[in-house]
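Asks: One structure is given below, represented as C-alpha cells, and several questions about it will come after.
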Amino acid sequence: MSRKISIEIIFISLVAGAILHYAEASCSSSDFECPEGKCIPYRWFCDGGNDCADGYDEVYCKVDPSFECPDNWTSCPNKRRCIPSHWMCDGRLHCPDVSEEGFCYPEKAWTKWLLGTRKSGSRSDRWGSEVHRTSVALQLADNSTFGPYSTTGHEIRYELTIQLLHRLGKTTKMSSQELALYIHALLVACVDPRDFYGHDLVQELRRRVEAGGNYTNPLLILVLCNAGEDMTARDVERVTTAYESQLRPFWTDSQALASMALSCISSHSGVSVDERTISDMLEELKRRQFKNGTVDNFRTTALVTQALFINDSYKTDFDLNSARKVLADGPKSVLNAYYAIPALRGKNLLDVSSSHCSKEPVEEDEIVQKLLDVHGETITIRFSVWMDDQVNLARTWRVRMCVNSTIYDAIETVDKVVNTRK
C-alpha cells in the first residue's frame with residue numbers, strides 16, 4: 001500500500017470519526033433538541049414557527065388541561081403546555097401565564113406564608129398559640145433563623161419562653177405531646193430544656209414515658225432522643241409496639257414517627273437496633289402511597305416523605321416528585337407548614353437539634369431583656385410578679401419602654417407569664 005493511499009484512508013477515517021462524533025453529540029441543556037438531532041435555542045420553542053423539520057417544537061405548546069404530557073416532558077402550572085422536564089428550575093421562563101420557576105422551591109412559599117402569620121403591633125403573642133411548631137418549621141427551613149443576628153429568632157425565642165412559662169403556671173397539666181413539642185422548640189431556639197427556669201423538661205417527659213401504659217406515642221421517644229436522653233432497649237420496644245398498633249387512629253402517622261424514632265436510637269445511642277427492622281418499616285410506608293402522590297392525607301404524606309429521607313429510601317419505589325407536588329399545593333396552616341416544610345427541604349424531625357447554636361444555650365433573662373430592649377428615648381419600669389398563690393416563682397422585672405408607651409404595654413407582655421399582678 002502506497003503512502004498516498006494510507007494518508008487518504010487516515011483522512012477518510014478522521015472525517016468519518018468527526019461526522020460520527022457530531023451525530024452523537026447532544027444539545028446543550030438550554031437548547032431544544034429536535035427528533036432529527038438539530039439543536040435550536042430555547043427562545044424558538046413555541047414561538048409559532050416550525051424550526052424542527054417536522055414542527056416538533058410546536059406540538060405541545062397549546063394542549064388541553066386534561067392532556068398528559070409524554071415521558072421526559074412536564075406540564076406547565078397552567079396545564080396548557082408541556083416542556084422538556086430538564087427545563088424545570090433552570091432559571092429561565094418557558095411556561096406562559098404562570099412561570100414554572102415559582103414552583104421550584106415550594107418550601108420558600110411555605111416559609112414566606114408562615115412568616116406572614118406574625119401579627120403586628122406591640123402584643124406579646126405575635127406568633128400565636130402554635131409558636132412551638134413555628135419555631136421548628138422555620139429553623140428547618142433556614143438554619144440561621146435563631147442565629148445571633150436574627151431579630152425574628154430573638155422575637156420567637158422570647159415569645160416561646162413567655163408562652164411556656166405561662167403554660168407551666170396553669171393548674172391544668174399540659175399533655176405529654178405538648179411538652180414534647182415545647183422541648184423540640186427550645187432545642188432549635190437555643191434554650192436548654194433541661195434547665196428552663198429550674199425545670200428539667202426532658203426529665204419530666206422521661207418520667208411520663210416510664211409511667212405510661214402499653215402504648216407510647218413515638219414522637220415522645222423521638223424528642224427524648226433528639227434531646228440527648230439516654231435510650232434503652234425498652235424504648236426500642238415502645239417504638240416497635242407503636243409501629244405495629246394497627247387499631248390506633250392515625251396509624252400511618254405513628255409508623256412514620258416510629259421509623260424516625262428508631263433511626264434516631266440507632267444513630268445516637270449505644271442501644272442495638274436491627275437495621276433490617278428500619279428498612280422493613282420504610283418499605284411498608286412506601287406501599288401506602290397512591291398514584292397521585294398522597295399517602296392518606298396531607299399530614300400523613302408529609303410525615304411519610306420525611307421518614308423516607310432516612311438512608312435515601314425515597315429513591316426507589318416512591319414517587320417523591322408527586323408527593324412534593326401534593327405538599328406544595330396543600331392548604332395553608334401552621335400545622336401543615338410544620339409538617340410540609342421539612343419534607344420539602346429534604347429534612348425530617350430527626351434534624352431537630354441545638355447543633356446550630358453559636359454558643360451555650362442562652363439564659364432566660366437574656367432572652368427577655370433582649371426583646372424588651374428598645375431604641376430611642378425610654379423610661380424604665382420595675383415591678384414584681386409571682387405565679388400562683390403559693391409564690392412558686394417570684395421575681396422583679398426591669399422593663400425599658402418607649403416614652404410614648406403605657407404601663408399596660410409592659411403588663412400585657414408579662415401577663416403571658418403571670419396569673420396575678422401586684
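The backbone N, Cα and C atoms fix where each Cβ goes, glycine too.
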Asks: Mind checking which of CYS190, CYS264 has the disulfide with CYS225 in TrEMBL?
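Replies: Of the candidates CYS190, CYS264, the one TrEMBL pairs with CYS225 is CYS264.
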Asks: Can you tell which of CYS34, CYS69, CYS76 is bonded to CYS52 by a disulfide, based on TrEMBL?
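Replies: According to the record, the bonded cysteine is CYS34.
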Asks: Would you mind checking which of CYS46, CYS76 shares a disulfide with CYS61 in TrEMBL?
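Replies: Its disulfide partner, as TrEMBL records it, is CYS46.
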Asks: Looking at TrEMBL, which one of CYS27, CYS69 makes a disulfide with CYS39?
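Replies: TrEMBL annotates a disulfide bond between CYS39 and CYS27.
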Asks: In DSSP terms, helix, strand or coil for CYS225 (disulfide bond)?
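Replies: DSSP call for CYS225 (disulfide bond): helix.
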Asks: Going along the chain, which residues six or more apart from CYS52 (disulfide bond) have their CB under 8 A from its CB?
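Replies: CYS52 (disulfide bond) has long-range Cβ partners PHE32, CYS34, PRO35, GLU36, LYS38, ILE40.
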Asks: Do you know which of the disulfide-bonded residues CYS27, CYS46 has the most other C-beta atoms within 10 angstroms of its C-beta?
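Replies: Counting Cβ neighbours within 10 Å, the top one is CYS46.
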Asks: Using a 10 Å cut-off on CB atoms, tell me which of the disulfide-bonded residues CYS61, CYS89, CYS264 is the least crowded.
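Replies: With the disulfide-bonded residues CYS61, CYS89, CYS264, fewest surrounding Cβ atoms within 10 Å: CYS89.
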